[in-house]
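K.L.:
Let me give you the structure first, and then I'll get to my questions.
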Amino acid sequence: MTALSPSLAPQTRRRLALGSRHALPVALVAVFLLFSALAPGFLSLANLESVLVNNFTLLSIVAIAMTFAIAAGGIDLSIGTAVDFASFSFVTLVLSGQPVPLALAAGLGGGALVGLFNAVLIAGIGISPFLATLGTLFIGRSVQQLLTNGGNPVYLPPAGVPESFRFLGRGTVAGLPVPLLVAGAIILIAGLILSRSRFGRVVSATGTEAEVVRYSGLTLKAHLAGTYVLVALIAAVAGLVLTSTVTVYIPSSGNAFLLNAIGAAFIGTTLHPHGRPNIAGTVLGVLLLSLVANGLLMSGLNFYWQQVGTGLLIFTVLALSFASRKA
Amino acid sequence: MLAETAFVTPATPYHPGEEAAVPARSQIGLHAAKLGLQGGAFAVFALVLLIFALSSPIFLSPFNLGNILAQSAISGVLAIGLTVVIIAGGGNVVTGGIDLSLAANMGLSAAVYASLSQAGQPDAVAAGAALATGLVIGAVNAVAVTRFAIVPLLATLAVMNIVGGLELVLTQNTVIPAVTPLLETLSGAGPLGVPVLAYGLIGFALVTALAVQATPLGLRIQAVGSFPEAARASGLAVNRFVAGSFLFSGLSGGLAGIFSAAYLSGSTTGAGELLLPVVVTALLGPVFSRRLVPSITGTLLSALFVGVLINGFQLLNLSSTLVSGIQGLLILLVVSATTLLKRKEG
């Protein structure tokens, strides 16, 4: 819980190291074995690939973005808004006949805009991230409805769209699906940034000891601002991949990722010796959520029970890891 | 206003060192700014009322005003439940008190009520079961937060998923109509032609406000949230109060479920969409309180303000989608102002 409450007493912090770290890997293995035994077809190569491509990729990108916000001691509730703005800019430019690379750049720009707005609120004015990004989420929802005549989806007609548009979502390189490669690249780069770069260390320090960062003469505000722009940029990539896959922009659809991204990032903190947000943990957290979603589907469980099952599982992992930290 | 009279201590963390360190003149300035901010919220509310009253002839009719109250009843009850959790858990939205399962709770409770009514159960059984459903959800949250020590944001997030799923399982994602004497009474008109739901909201808010803002129990709840260490040192069982706040919010989820069944003549899908508006309503509440802290009366006013906006936009044929944007802008304006104010103080 150090990630959340920097004011914990030192002895409490030392206790955090004990016992809690194994909950996530154990849960992953258990879930994998359970569904291999229960759900026919779960273990097939085709199904496992579908888990990675359909369940894992997009959520992993968004959850990694969220990990940066949480590492910096905050949260980004408007992460879906960045996904949506990227998607909207991308679709609009492609529809107006602009070349795909330009539309992709505009998509990243559209997402980054959301991040800049958050950066001004959080680093500039000093609003708490929860409230600032909640405001952004609400404003973003209205803006999208105004842009789309009250929330109508924007479809890309299959005929009028260049083939390159679908590359990001449906293409393959050396037999591997492009979305998976994009997610892999982002996982690697994000991992390097968060744990090996100077920027990443300052971000983590901001999350644990903001005062110390300030006293050390580091530019706290610039790093905070940079964090929220980076969060939105990574989320924007998810928006581009999503749009390229489904060839439609649906207003405010990015919010669907929000709660799972928060869940995965926080489940991931249980992997770290001091309960800090970390990329490896987030990736395992997303993998756990993806396996559960797919496994419940494959075991032929009623669609509605899947949500109950996912919730129960997250609850159990959280209870196990937090309760053992407390003890 | 009932306000937070029960909890006036000389130095609170909201304006530390105000008496001592700040020179007299800037102290006056700060007081003026604070009055302006707090008065500003009321001024905006009054202005909005005035604009709607001038532009729509039926806005001020008793029927429409009653309608606003009835429309706000569901989100108002939920936001009040959430406010109690925030007061007892502390204002930090990530580590402090929050209950994300409230909207899903309302949905499941309404579904339980509607299903039992459809199965021929009398009102007392259906209503009791709906309230019990809410209470059980609150109890699960309480155990998760106090026994398992899960951060409220995460614990209630997981519970929200479970409860939302259970509602889908129970209703198969369909609308369950319900017409019962209780629902008819609730959705009908009461004394003065005002809907009974409106009285329900006001009554619930008054009772809660009295309990939280004017009793020793309320004083303790506020102490537990604002100064957990001091509260613990003076012998208060902090965890019990936190657990109690979740039980209360669970119960308000159940009550909101019955209200929603009355308002919509049954249970409908998509209850989860109410979550963020309810969170915003509760977080906007402090501007309508004297010391800019969470309070029941503040949340009630905030719920009514949002209700007035939605209703006025409907009357003026303006797109109701703007309401979400305006809520977002308001929360940012309010929070920016308070943040800048506190920075000046500090």
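For all residues, glycine too, the Cβ spot is worked out from N, Cα and C.
Residues or ranges marked as transmembrane segment by TrEMBL: B:35-56, B:68-88, B:125-144, B:151-172, B:192-212, B:241-264, B:270-289, B:296-316, B:322-341.
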K.L.:
Give me the stretch from B:35-56, B:192-212, B:270-289, B:296-316 with the greatest number of Cβ pairs under 8 Å to the transmembrane segment (B:241-264).
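P.N.:
Comparing B:35-56, B:192-212, B:270-289, B:296-316 against the transmembrane segment (B:241-264), the winner is B:192-212.
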K.L.:
What residues in the same chain, six or more past the boundaries of the transmembrane segment (B:296-316), come closer than 8 Å to it by Cβ-Cβ distance?
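P.N.:
For the transmembrane segment (B:296-316), the sequence-distant neighbours (Cβ-Cβ under 8 Å, at least 6 residues beyond its ends) are 1-3, 45, 48-49, 51-52, 55-56, 58-59, 64, 67-69, 71-72, 75-76, 79-80, 82-84, 201-202, 205, 208-209, 212-213, 277, 280-282, 284-289, 322-323, 326-327.
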K.L.:
Does the transmembrane segment (B:125-144) reach the transmembrane segment (B:151-172) with at least 3 CB pairs under 8 A, where each pair is 6 or more residues apart?
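P.N.:
Contact between the transmembrane segment (B:151-172) and the transmembrane segment (B:125-144): present, because at least 3 Cβ pairs are under 8 Å.
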K.L.:
For the transmembrane segment (B:151-172), could you work out the same-chain residues 6 or more beyond its ends whose Cβ comes under 8 Å from its Cβ atoms?
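P.N.:
Result: 85, 89, 93-101, 103-105, 107-108, 111-112, 115, 137, 140-141, 144-145, 267, 269, 271-272, 275.
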K.L.:
Most CB pairs under 8 Å with the transmembrane segment (B:270-289): which of B:35-56, B:68-88, B:192-212, B:322-341?
P.N.:
B:68-88
